[in-house]
Amino acid sequence: MGELTAFLLPLIIVLMVKHSNSRTHSLRYFRLGVSDPIHGVPEFISVGYVDSHPITTYDSVTQQKEPRAPWMAENLAPDHWERYTQLLRGWQQMFKVELKRLQRHYNHSGSHTYQRMIGCELLEDGSTTGFLQYAYDGQDFLIFNKDTLSWLAVDNVAHTIKRAWEANQHELQYQKNWLEEECIAWLKRFLEYGKDTLQRTEPPLVRVNRKETFPGVTTLFCKAHGFYPPEIYMTWMKNGEEIVQEMDYGDILPSGDGTYQTWASVELDPQSSNLYSCHVEHCGVHVVLQVPQESEAIPLVMKAVSGSIVFVIVLAGVGVLVWRRRPREQNGAVYLPTPD
């Protein structure tokens with residue numbers, strides 16, 4: 001792992017999405033400014049994603065916006081990349097100035113970070129969402145409400161910026177229009193460009209095994225791999241009832257071949273005659289694995305159902321993605337802290 005990737009690992013942005021029966025597509029752009037960066041880390045980075053796929057990159061070393069997906073390079077002319085390169089060079093300078101201003105306000109020195117996330121989502125029913133927010137040192141700083149054309153500020157420093165930004169009603173309306181119209185238009189265009197990759201479906205391969213995790217404690221693991229898209233719902237049932245509170249979940253991780261893998265586990269009560277089954281839902285297919293009490297042979301039943309759960313973690317780095325399931329009742333966005 002290179003120095004850049006190692007440094008960016010704490011800069012994960014967690015995106016928690018509600019339990020959903022439909023597939024969601026998203027377009028997200030992340031910008032990261034670093035003051036006094038360590039060796040090998042650019043002072044400014046910008047990356048774009050469609051769903052979990054990196055599509056564009058820019059950093060202060062190359063100072064060029066470049067495609068990260070072949071279907072982006074094939075469908076967008078050279079003048080597109082040059083035009084947005086010039087815009088991002090402007091953003092690079094703006095981030096440098098704003099980060100220095102924030103450090104003065106907070107009386108901070110040394111290495112600090114300033115982040116921006118903007119994007120939109122397109123749901124299967126045609127409805128859309130949009131989001132724009134900033135973070136300082138990995139903590140929420142300013143969050144845009146496009147419905148009220150206002151900013152949510154988290155502290156006194158943010159309130160000072162909020163007042164200045166809200167004085168420019170033209171800019172607020174521009175951001176709202178970009179989130180609701182232009183962002184969605186770009187997302188639809190990119191989905192068409194990369195439809196062979198972005199809109200394909202590969203079903204999960206699922207298996208269950210037992211493992212003695214502690215002396216006298218047996219844990220059942222349900223593992224799914226080889227699936228795409230990464231939206232998947234896994235649960236354990238005991239005697240036909242879901243046991244969410246007793247389960248543990250693994251990360252949803254890229255397998256390196258364009259598919260994903262994950263797992264869910266539950267501790268087995270050796271003194272009971274409970275019947276356990278693992279249920280996996282992915283793109284309308286429901287996989288049920290019944291765990292025999294004595295035998296290691298596990299029958300597999302598949303049937304068509306509707307329903308899936310969407311959960312995402314996006315790393316604001318250069319092409320490195322990690323995914324993790326979050327509690328299904330939560331929704332919103334959380335920035336994990338970055339090192340000082």
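Positions of Cβ are set from backbone N, Cα and C atoms, glycine also.
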Annotated stretch (region 'Connecting peptide', per Swiss-Prot) among the listed ranges 294-302, 303-311, 312-320 | 294-302
Cys120: disulphide-bonded cysteine as recorded in Swiss-Prot, out of Cys183, Cys222 = Cys183
Roughly how wide, in whole Å, is the group Arg31, Ser46, Lys65, Arg116, Tyr174, Gln175 that binds 7-hydroxy-6-methyl-8-(1-D-ribityl)lumazine, by largest Cα to Cα distance?
-> 23
Provide the number of Cβ atoms within 10 Å of the Cβ of Cys278 (disulfide bond), excluding the reference atom itself.
-> 26
Measuring Cα to Cα, tell me the gap between Gln175 (7-hydroxy-6-methyl-8-(1-D-ribityl)lumazine binding site) and Cys183 (disulfide bond) in whole angstrom.
-> 10
What Cα-Cα separation, expressed in whole Å, is found between Cys278 (disulfide bond) and Arg31 (7-hydroxy-6-methyl-8-(1-D-ribityl)lumazine binding site)?
-> 40
